[in-house]
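Here's the structure, in structure tokens; my notes come after.
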Amino acid sequence: GTIHLFRKSQRSLVGKLTHEFRLVAADRRSWKILLFGAINLICIGFLLMWCSSTNSIALTAYTYLTIFDLFSLITCLISYWVMMKKPSPVYSFGFERFEVLAVFASTVLAQLGALFILKESAERFLEQPEIHTGRLLVGTFVALFFNLFTMLSIRNKPFAYVSEAASTSWLQEHVADLSRSICGIIPGLSSIFLPRMNPFVLIDIAGALALCITYMLIEINNYYAVDTASAIAIALMTFGTMYPMSVYSGKVLLQTTPPHVFGQLDKLLREVSTLDGVLEVRNEHFWTLGFGNLAGSVHVRIRRDANEQMVLAHVTNRLYTLVSTLTVQIFKDDWIRPTLSSVPIANNMLNLSDHHIIPMPSLKAADNLNPITSTPAKPSSPPPEFSFNTPGKNVNPVILLNTQTRPYGLGLNHGSTPYSSVLNQGFGIPGMGAQQGFRTGFTNVPSRYGTNTRGQPRP
């Protein structure tokens, strides 16, 4: 192979990740996230040790929420990295889909953890172990405090958008019904509980409440099975909270159009189709590029006499209110106008013998044209209705000659009978005394033209 002496060495995957991490760490806004990430790792370590010492699967299920907080912090770092990066030739739309992928991966991993808890809980129902409550309550409050402090201290833009845009979970719906009843008694709480609570704060409070109930029942009655029931409840709440977010972020990755913008897009496309010079709007496609960023492409067919730049400016101005990343392709009307082909006639063709048919240029090229729109017809399309069995459609036109000299001064004997006099003689009808009829339908034409001079009567 070819030896490249000065070939630039390529970085490995670890080297690229290190370079990008240094780029993010250089921003002061990310220092707070890195600090919370370090504290989160310490809390996870202590919680896992306490889960092992207490033998509580409910505390393990609640610890998985702290691990999810670590994923949310990583997603927030990715969001900062996306804002720093600019579009490249490889990623022409930017890197916004990386934070969508991070949200999707985080929610899916949380659901996998919930499924693992459900599997372990099913095994514990067959043989319930003894639960030690020494550090159960301490671990519950440590995890609750850290989760709430992390959620409320750091503004995580991707998860904040998904939690508002995604459909409500079953836990949010039940809490909303309860909140309406409470707010009906105490109206001042409507600003806290309505319209709907933050799903992450809600699941943290509900999980801590389940662990407190577990602690009390074990301390009072040594009812160890309640720990397994609380683990199942926390796993179901986790799965129900993360599933709508996974569905929403997955639809964004599949480049689908958000349902809530269907009406606005239809209205804008109707306005664009009524612009001056626009004939047709087609091949429109709109999709969500990132959270809150709609992209789209559209083809616009305009008239031949329309100004392309003016139409492009108007179309972009109308659609840019909703579509931030827009690609508009303008092309003019491509209908083909028919052109009549003319072939010069030689001089010696004017002195032909009588009743000679002069061949005219072939009109096959014109037969392929649509007589209404002048657009080339498809080979498989049938001919128009009025062309079926039309007399004389496939018959070449004729020129009937005589030797009458016209006063043009050119010395040529044209001898062509005027069309008006020929057509006024009527069409050839059998039995009406026609002397000689041609296939073109002309009748009463003399069988022989003489060479009389001008002014003498014809035979």
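Using N, Cα and C of the backbone, Cβ positions are placed for all residues, glycine too.
So that you can see what the record holds, here are the features copied from TrEMBL:
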- 34-254: domain 'Cation efflux protein transmembrane' (DOMAIN)
- 372-391: region 'Disordered' (REGION)
- 31-50: transmembrane segment (TRANSMEM)
- 62-83: transmembrane segment (TRANSMEM)
- 95-116: transmembrane segment (TRANSMEM)
- 136-154: transmembrane segment (TRANSMEM)
- 200-218: transmembrane segment (TRANSMEM)
- 224-243: transmembrane segment (TRANSMEM)
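Using a Cβ-Cβ cut-off under 8 Å and counting only residues 6 or more beyond its ends in the same chain, the transmembrane segment (136-154) has close neighbours at 32-33, 36, 39-40, 43, 46-47, 50-51, 54, 56, 59, 62-63, 65-66, 69, 72-73, 76, 198, 200-201, 204-205, 207-208, 211-212, 214-215, 218. Looking at which of 31-50, 95-116, 200-218 has the most CB pairs under 8 Å to the transmembrane segment (62-83), the answer is the stretch 95-116. Counting C-beta pairs under 8 angstroms (sequence separation of 6 or more), the transmembrane segment (224-243) fails to reach the transmembrane segment (31-50), with fewer than 3 such pairs. Within the same chain, residues 25, 59, 63, 66-67, 69-70, 73-74, 76-77, 80, 135-136, 138-139, 142-143, 146, 150, 153-154 sit at least 6 positions outside the transmembrane segment (31-50) and bring their C-beta atoms closer than 8 Å to a C-beta of that stretch.
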